Amino acid sequence: MSVSRRCLCCVKYLMFVFNLIFWLGGCGLFGVGVWLSFTQSDFSSLPLSFPSLSAANLLLVAGGVTMITGFLGCLGALKEQRCLLMTFFVILLVLVITEVTLTLILHIFREQLDTKAQNELKNGMGDYETNQGLQKSWDSVQKMFKCCGVINQTDWYSVRNTLPTSCCSGEVDPCKNGWNEPCYQKARRWLLDNITSVLIFGVCIGIVQIFALAFSLYMYCQILRAEKYLD
């Protein structure tokens, strides 16, 4: 076996291992997204801008795309097909660029995005009396996080004369002295406390993606060179 062939075999199996880790990482992200969706199912009637709901949807999409991309990479490495390898490289490159762009957008415009999300939630509060699903969701949020309103409890006075009973301990009716903490910040804090390990895991997946890009490109070039040599 020639040196170039041995090198190609080494890269092939390394790429397979990296993509297997990548695929398993996608399964992990998807699993966390499913878990978050189930734990927040009582909040399903709230706008998707609610922190935990938007995170669940993002993890489900990211996990699904990562699993498909990882599978393509494993298949391309084993089959040594240039078409599969190039498809994998392009999809992964687009995925990496999208991830970096989204991270920058979320970091740069985090205050504007927070304000927009809070306004959406406040506007949605207007349907509290008429929408039973929304009412149940808001009551569940306020009971779980022991909070009241989006920014503060006065948010409720723009849509009703008294605070919802879920704003008070023991569901006192009428509720006059509700929880002081805002629901948006409380939910956001809860999300950050519970998703730190996922963020670290995401960084590790990012490193694996960079290696997978390099290996797939190198393998593609090696196969192309071998085909030209045989011709």
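Note that Cβ sites are derived from N, Cα and C of the backbone, with glycine treated the same way.
Automated prediction, rather than curation, is the source of TrEMBL annotations.
Only one of Cys147, Cys148 is recorded by TrEMBL as the disulfide partner of Cys167: Cys148. When Cβ-Cβ distances below 8 Å are used as the criterion, the transmembrane segment (12-38) is approached by residues 52, 55-71, 73-74, 76-78, 80, 195, 198, 201-202, 204-205, 208-209, 211-212, 215-216, 219 of the same chain, each at least six residues removed from its ends.
Around Cys167 (disulfide bond), the C-beta neighbours below 8 angstroms that are at least 6 residues distant in the chain are Gln142, Cys148, Gly149, Gln153, Trp156, Cys175, Gly178, Trp179. Sequence-distant contacts of the transmembrane segment (198-221), counting only residues of its own chain at least 6 positions beyond either end whose CB sits under 8 Å from a CB of the stretch, comprise 8, 11-12, 14-15, 18-19, 21-22, 25, 28-29, 32, 59, 66, 73, 76-77, 80, 82, 85-86, 88-89, 92-93, 95-96, 99.
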